[in-house]
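Peer 1: Here it is, the structure, as structure tokens.
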Amino acid sequence: MVPFWTTVSRNGSSDSETTLQSASKATKQYKYPSLRPSHRLSLLFLFPFHLSANGACFRCTCFSHFKLELRRMGNESYEDAIEALKKLLIEKDDLKDVAAAKVKKITAELQAASSSDSKSFDPVERIKEGFVTFKKEKYETNPALYGELAKGQSPKYMVFACSDSRVCPSHVLDFHPGDAFVVRNIANMVPPFDKVKYAGVGAAIEYAVLHLKVENIVVIGHSACGGIKGLMSFPLDGNNSTDFIEDWVKICLPAKSKVLAESESSAFEDQCGRCEREAVNVSLANLLTYPFVREGVVKGTLALKGGYYDFVNGSFELWELQFGISPVHSI
């Protein structure tokens with residue numbers, strides 16, 4: 001048996017020294033306008049047919065490699081490559097009917113796979129289907145709820161949660177529309193009061209506390225948080241490698257310092273787990289730098305709570321920031 005990409009004569013002899021020349025000659029004979037030269041050569045080298053000495057028996061041994069190469073070519077050149085290969089295999093004298101039949105079968109399989117892949121995810125269709133499902137199963141079945149929401153909102157909670165796609169607070173805590181005023185960001189952090197650097201967060205807190213009159217602010221951390229991992233990994237030399245992320249997660253540097261001081265010898269994963277919770281406490285303390293939050297806590301109209309969602313083990317922890325004023329002592 002000799003590989004197809006070597007020169008095969010009618011009497012079965014081969015010349016391995018002319019391998020590249022033969023492949024190049026074949027690719028020049030059958031032009032693929034939309035393929036790069038490297039793809040043209042790979043059509044032959046990744047699709048080896050083996051011939052017997054008399055050229056009468058064919059066996060393809062590398063279909064999987066060929067499939068990968070076709071997918072790499074992209075959608076525009078796919079059909080051209082298929083047609084060119086069919087022409088090459090069907091018209092070339094050395095290839096018999098069994099090879100042509102085999103190619104037709106492979107072609108059908110590749111086309112079916114390509115069609116399936118191209119239809120696997122349509123972002124616009126996914127959004128359409130999602131809204132249709134929501135409207136049918138929730139909106140239209142709860143006219144009273146959505147009728148009230150059309151008049152305004154009065155949520156009991158303000159929630160700070162991470163932007164991580166795995167930890168949507170409405171999903172995790174089964175909140176309904178109107179239950180929670182939600183702010184999501186990297187690592188669920190609350191920065192200290194700063195009208196310049198953190199005006200967006202300040203505006204959200206001010207609106208929730210003074211206008212919506214929320215009764216609870218909950219900061220929820222979570223397991224395997226990428227933001228906290230970054231905080232624990234980034235160097236403290238001031239040389240940032242990111243435009244925004246490092247400056248943002250440094251909000252909770254006190255949490256990192258506390259964890260390193262208390263568990264310097266622990267494994268990095270354990271340190272991150274401790275910091276995920278400790279960063280929540282830093283954010284709770286930062287909330288007290290907002291005058292209207294502090295006033296609400298002192299008056300008892302506002303409670304600050306910390307939470308931690310472990311999606312690996314399916315557990316949730318909740319704790320409350322205790323705040324009090326010591327009695328006045330006359331001296």
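We number each residue from 1, going along the chain as drawn.
Heads up, the Cβ atoms here are built off N, Cα and C, so glycines get one too.
Feature table excerpt (Swiss-Prot):
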type: TRANSIT; residues: 1-71; note: transit peptide
type: MOD_RES; residues: THR107; note: phosphothreonine
type: MOD_RES; residues: SER170; note: phosphoserine
type: MOD_RES; residues: TYR198; note: phosphotyrosine
type: MOD_RES; residues: CYS275; note: S-nitrosocysteine
Peer 1: Can you give me the same-chain residues 6 or more apart in sequence from TYR198 (phosphotyrosine) with a CB-CB distance under 8 Å?
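Peer 2: In sequence order, PRO191, PRO192 meet the Cβ cut-off.
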Peer 1: With every protein chain in view, how many other Cβ atoms are within 10 Å of the Cβ of the residue listed as 'phosphothreonine'?
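Peer 2: Counting Cβ neighbours of the residue listed as 'phosphothreonine' within 10 Å gives 15.
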Peer 1: Enter the number of other CB atoms within 10 angstroms of the CB of SER170 (phosphoserine).
Peer 2: 14
Peer 1: Excluding near sequence neighbours, so keeping only residues 6 or more apart in the same chain, what lies with its CB under 8 A of CYS275 (S-nitrosocysteine)?
Peer 2: ILE228, LEU231, MET232, CYS252, ALA255, LYS256, VAL259
Peer 1: Which state, by DSSP, holds TYR198 (phosphotyrosine): helix, strand or coil?
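Peer 2: In three-state terms, TYR198 (phosphotyrosine) counts as coil.
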